[in-house]
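A.B. asks: The structure is given below, and queries will be raised subsequently.
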Amino acid sequence: MALVRAVNREYAILRFYRKFLNFEYVKYLIFDPAALPIITIFILLFELMLNVFVIEKVPYTEIDWKAYMQECEGFLNGTTNYALLKGDTGPLVYPAGFVYIYSILYYVTSRGQNIHLAQYIFGVIYLLQLWLVLRLYSKSRKVPPYVLIISAFTSYRIHSIYVLRLFNDPIAILFLYASLNLFVDRYWFWGSIFYSLGVSTKMNILLFSPALFFFYLTNVGWLKTIQQLFVCAVVQLILGAPFLFTYPIEYLKSSFDMGRVFDHKWTVNYRFLPKPIFENKYFHLTLLVMHLLMLFMFVKPTMTYFQNYARLRELEKQFQPQLDKQNTKIRQTKPKKSKKSRSSKQQLESKDELTRDQQAFIKSFEKSLQRTSGLKEHKKIDSEERLGQQNLAIHFDQCTQLALTPFFITNFIGVVFARSLHYQFYVWYFHSLPYLAWSTPYSLGTRYLLLGLIEFCWNTYPSTYFSSVILHLCHFVLLAGLGYNVYKTLYQSNTSQRQQDEKTNESFDDNQLNQLNSSISLEKTKKKNN
């Protein structure tokens, strides 16, 4: 008996070695997006150690933390007039959610004195947000794991913003990514609440609002869209109630001030402009018009992506019970698994067909996925089999790309045409940059160059004419690539649809011709008989 156990143990070790400790599996972990759920564990563990090291070894830099504490102290002392809530850096300019969150931090950190504890709290916020980001990347299977590893570990500026500066931007972005995860999981109510919490922490979350509106519309319809917008509005009213009932004008004017003028000395993107132009209202208006025009150009792709995302989610809802039943059969009869998997998939695909335009779009979209991911088709299939050897599965979550692409592009457009970008604003779009770069038709070298130059610009302090110009250039090149790719996908889908229509018409004409020939021959036969 002991001998049998020893043999089984040795066999299990040998099988583990052959399956995991080999070059092919290592290559799979590094290059295949399907391996990201596994790599996520190692990224989070390494980031945990890295953040502890940064907190313990790198000196903390005071910028806004004391001012935040002073502003919240005024509120905690009973002041609800936003015009009177001020700190060393100026008046309070953030909505009510910010006040409540930093009031909690005020008490937890001994009235803001225990900054070391606050750093560790922000370290937890960083890890939680990174997990939410990687969860979306894992679902979409778009970006290779090594890209995200390099991106996460090499950004000094991002780690600095979180654990060395304690800005409120990371908290707002945390709420945002929580809402995106809830939206792709179809939790509309909670997604709306977390999105509104993000807006109440900092207004930059509103950059996602155009995409969110169309996402609601295509997934839940007009009635539920109004309901979800109402949920967002109610959250804002509840949070702002103490200020709205006492000094509403001061609250709205200070916390939602769209015309606030930024300080030129902190700008990252417009250092090359003279201060009078930088503060000119006509310059701000020009940027706003360009922002709106660019959003308008992406309306059609956004609607198309979201419509097909909603359709695929409906197919998932219909297919999943059948997949579960088939997996039960597979577990009962393992030797026949491969044949049943193929036949069941064919049956599932034949039971619910996409419309012509959706088939054309998905076909061109899949080609775009294969081209931009840099993976060959057989490698993707191998990875599916590697992850799901015992179960039949269709990775519907990959359609998450159809949801994330419009969201990230919409936010990126807002960043490109922002009146000013300060160093803490980097978190607004940093975690979406690898996804955006891999959504362009550029070569791998060009993508790495764009990401590297953007990181260089954000790490240049103080900003220079050169760094500002390079940042704008990288932004415009990236935006041009995104526009080219999404419109090329739409063009390919329209072309495929026309080809399908032509084939259908040709088939219809051939049928008509055959029917005509049959009727002529039938008439000739009748005449001969007569």
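Placement of Cβ uses the backbone N, Cα and C atoms for every residue, glycine included.
Remember, predicted model here, so these are calculated numbers, not experimental data.
So TrEMBL says this about it:
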type     : residues : note
TRANSMEM : 25-46    : transmembrane segment
TRANSMEM : 92-108   : transmembrane segment
TRANSMEM : 120-137  : transmembrane segment
TRANSMEM : 143-164  : transmembrane segment
TRANSMEM : 171-189  : transmembrane segment
TRANSMEM : 195-217  : transmembrane segment
TRANSMEM : 229-249  : transmembrane segment
TRANSMEM : 282-299  : transmembrane segment
REGION   : 324-354  : region 'Disordered'
COMPBIAS : 331-343  : compositional bias 'Basic residues'
TRANSMEM : 426-445  : transmembrane segment
TRANSMEM : 465-487  : transmembrane segment
A.B. asks: Of the stretches 25-46, 143-164, 171-189, 195-217, 465-487, which racks up the most C-beta pairs under 8 Å with the transmembrane segment (92-108)?
C.D. replies: 195-217
A.B. asks: Which listed range (25-46, 120-137, 143-164, 229-249) shows the maximal number of Cβ pairs under 8 Å with respect to the transmembrane segment (426-445)?
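C.D. replies: When the Cβ pairs under 8 Å are tallied, 143-164 comes out ahead.
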A.B. asks: Among the recorded stretches 143-164, 195-217, 282-299, which has the greatest number of Cβ pairs closer than 8 Å to the transmembrane segment (25-46)?
C.D. replies: 143-164
